[in-house]
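What Swiss-Prot annotates here:
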{"type": "DOMAIN", "residues": "2-242", "note": "domain 'ABC transporter'"}
{"type": "BINDING", "residues": "G39, T40, S41, G42, A43, G44, K45, S46", "note": "ATP binding site"}
Amino acid sequence: MIRLENVSVDFPAGKDAQSRAVNNVNLTIQQGEVFGIVGTSGAGKSTLLRTINLLQRPTEGRVFLGDTLISDASGRELRQHRQRIGMIFQHFNLMHTRNVYDNVAFSLRAAGKSKEEIASRVPEILALVGLQDKEASYPAQLSGGQKQRVGIARAIANHPEVLLCDEPTSALDLETSASILALLKSINVRLGITIVLISHEMSVIKSICQRMAVMTGGNIVEEGEVFTIFSAPQHAYTKQLVSHTTPIELPERFKQNNKGVLLKILFADDSVEQPILSDVAQRFQVSVNILHGNIEYINDRALGHIIAQISYRDDPAAENLAAAITYIRQNTFGVEVIND
C-alpha cells in the first residue's frame, strides 16, 4: 500500500518566490491495484508520481510504503526503499551503448546481484515482456514499443512491489500503446505488482486502471473507481475530460429543427441489456429514433450513451410523452433533455 499524507511540492520561481506544483495531496493506493492519475500538462501529476520513490522530495507531507515512512529516508536506507519501486518513463531512458541484455542487467548489478543470478534472471524477464530474441540488439535497432518493453523489463527485474509509469504510451502509436497497456495489465495480474500510472489521456486510464484520481493545478479534484468517474463525474474539470473521451453530441441543426424531444440517455450495467427504448415505444405509443450512441466496457462493466428522439405518433398526447421520459429515467442511469 502507498499512502501520501498532506504532500506538497514547491519549486523556486524567482527571487524569494515559490511555485506550488503539488498542493496538499492525500492519497491511498491499495496493494495490487492499477491506479491512474490523469490531468493535462502542468497539472502536477509527474511531480506527484516522483514523490512516491522520492526522485522528488516533498516540501511538506509524508510518504509511506506499506507501514514504513520513507519520505525521511536518505543514503543506504533510501536506496533500499527504492529497490522496492520500479519506474518506466515516457522516453524509455535506455543506455544506447549497451544491448538489451545489459540494459536489463544494469539494474540487477546495481542491486548487488551475482553473475549467476543475473544470467538466470535476464532471460526470464525478457521472455515475460516478449523480447526473448532481442538480447543482443541495441536500442537503435528497436521500435518504440520494444524500447518500452526493455524499460519495463529493467524496472521489474528486481521483483519490486510497485511499478511507477510516467506517461508510458505517450510516445507510441495507438496499436503499440494498446500492446504496452496489455503487457502492464498482464504483469499486474501475474506478479501482483501495484501499478501507479499517470497520463493525460483518459482513454489510457480507462483501459487499464481500477481506480483513478483527477488532477489539475496541483490538486486532486476527484478520486474513485474508474467506472464511477466515467459514468457520473462530479467535478466540472472531470466532466470536461470525460466529455472529450466520449463525445456524444449532435450538430446544432438537429437540435433546432427537431420536432420531438431529444434525450441524452446513460445506460449502465444491466440496463444496457434491457430493451428499454423498445418497451417505451410500445407502452406509451411514442416513436423512438436513435440518432447517436455507443457502448463500451470498463473493468467488465457496460456503459452506454445514446441520443434518442422521442416524438408523438398519430394521436398527440403530451401525457404519454412525459410518462415515456419518466419511464426511461426510472430504468436507466441518467437522462438529460438536450433541446429544451
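Note: Cβ is positioned from N, Cα and C throughout, glycine not excepted.
Close to the recorded ATP site, the chain also has H200, M215, T216: residues not among G39, T40, S41, G42, A43, G44, K45, S46 whose Cβ is within 8 Å of the site's Cβ mean position. A C-beta separation below 8 Å, combined with a sequence spacing of at least six in one chain, links G39 (ATP binding site) to K45, I198, H200, V214, M215, T216. Neighbour density at the Cβ, taken as the number of other Cβ atoms within 10 Å, is lowest among the binding-site residues G42, G44 for G42. Most Cβ neighbours within 10 Å, among the binding-site residues S41, K45: K45 holds that distinction in the structure as shown.
Mapped onto three states, the DSSP output places S41 (ATP binding site) in coil. Looking only at the binding-site residues T40, S46, the densest Cβ neighbourhood within 10 Å occurs at S46. Take the CB of A43 (ATP binding site) and look out to 10 A: across all protein chains shown you find 24 other CB atoms.
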